[in-house]
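As recorded in TrEMBL:
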type     : residues : note
DOMAIN   : 31-277   : domain 'G-protein coupled receptors family 1 profile'
TRANSMEM : 15-37    : transmembrane segment
TRANSMEM : 49-68    : transmembrane segment
TRANSMEM : 88-110   : transmembrane segment
TRANSMEM : 131-152  : transmembrane segment
TRANSMEM : 195-215  : transmembrane segment
TRANSMEM : 227-249  : transmembrane segment
TRANSMEM : 261-279  : transmembrane segment
Amino acid sequence: EFILLGLSNTTELQVLFFTFFFLAYAMVLLGNLLIIVTVRTDPKLSSPMYFLLCNLSFLDICCTSVTSPRMLVDLLSQKKVIAFEDCIAQLFFLHFVGASEMFLLTVMAFDRYAAICKPLRYPAIMSRQTCWVLVSACWAGGFLHSIVQTLLTIQLPFCGPNTIDNYFCDVPPVIRLACTDIYVTEWLMASNSGLISLVCFLLLVTSYTFILVTIRVRFTEGHWKALSTCASHVMVVTLFFAPCIFIYLRPFSTFPSDKHICVIYTVFSPALNPLIYTLRNNEVKASMWKLWERCK
C-alpha cells in the first residue's frame, strides 16, 4: 500500500480544501451533465462541434471523477492509505481519460479549422461517420497510451518508501518509490506522455495559425462567430496542456512534486469548461433556457 500526503497536513487547510474542492467537483458534474443533456435534447445542436463538445464534457466528468472523490475522502481522513492495486487503477484511468481528452481537443481544433478554412467542404469533411471514427480513435489512443504507462509502472519493484507526495497516484511520484534505477523507465514515460502533450499542442497551434490567417484574409460575420468559439477553445487548451507539458516532458526524479500544478488539469479545467463553452456561446445558452422552460 501507499500513503498519500495530500495537499496539506494542516487541519484548518484540509477543511478549507474540502469545501472548495467539493464545490468544484459539484460544478464539474452539474455543468458538464447540463451540457450533455442540452446537446442531446436540442436538434439544433447537432453539428460536429456540439457532438465533440458533448464528448469533451463526458471526458471532463471522468477525468475529475478519477481523482476528486478519493481526494475529498482523504481530506477528512487521518491516514490517507491507498492499496497498490487501487493506486495502479487510478493511474491507468487517469492517463486513459487524460490522453483521450488531449486527442479530442486536437480533433476539436481540426473541426474549427475545417469549418473556417474549408466551409464549402466542411459537411463532407466532418460527416457524422467521420466524427464517430475520430472520437473512437481518441479513446483507442488514450487506452494504448495508458496501457504503456501502466505496464512500465507495474514492472518496477516497490520495496522501500511508500509515501507519495501527492493527492492521487500518478506516474512521476509513484515511480520515484521504485527500488531500482528508473533512468530508462522515466525517459520512456516522459517520451510517451510528454511527447503526446507536446505534439497535440503543436497541432493545435498550427490549426489556430491557419484559422487566424484565413480570418485575416476574408473576414465576415460568420468568421467572427467562429473566432469567438476558437477563443473559448484556446482557453481550455491553455489550462489543460500547459501543466501536462510542464509535468511530463522532463525527467521525473530530478524535480520535486507538482501536486499543486496537477490541480489545474484535474479540477480547474474540467470545472471551467462548462462556463467557458456556455457563457461564450449564444446557441448553447438559448438551448439551456428552452430546456429550463420545458422542465418548469
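Backbone N, Cα and C atoms are what each Cβ position is placed from, and that goes for glycine too.
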| field | Among 88-110, 195-215, 261-279, stretch most in contact with the transmembrane segment (49-68) (C-beta, under 8 angstroms) | value | 88-110
| task | Between the transmembrane segment (195-215) and the stretches 15-37, 88-110, 131-152, 261-279, work out which stretch tops the count of Cβ pairs under 8 Å. | result | 88-110
| said: Assess whether the transmembrane segment (88-110) lies in contact with the transmembrane segment (15-37), where contact requires at least three Cβ pairs under 8 Å among residues 6 or more apart in sequence. | reply: no
| field | Same-chain residues near the transmembrane segment (15-37), Cβ under 8 Å, at least 6 residues beyond its ends | value | 7-8, 53-54, 57-58, 60-61, 64, 68-69, 71-72, 75-76, 267-268, 270-271, 273-275, 277-278, 284, 288, 291
| query | In the same chain, who gets a Cβ under 8 Å from the transmembrane segment (261-279) while lying at least 6 residues past its ends? | reply | 7, 21, 24-25, 27-28, 31-32, 34-35, 53, 56-57, 60-61, 63-64, 66-68, 94, 98, 166-168, 170, 232, 235-236, 239-240, 242-244, 246-247, 285, 288
| field | Mean of pLDDT values spanning the domain 'G-protein coupled receptors family 1 profile' (31-277) | value | 85
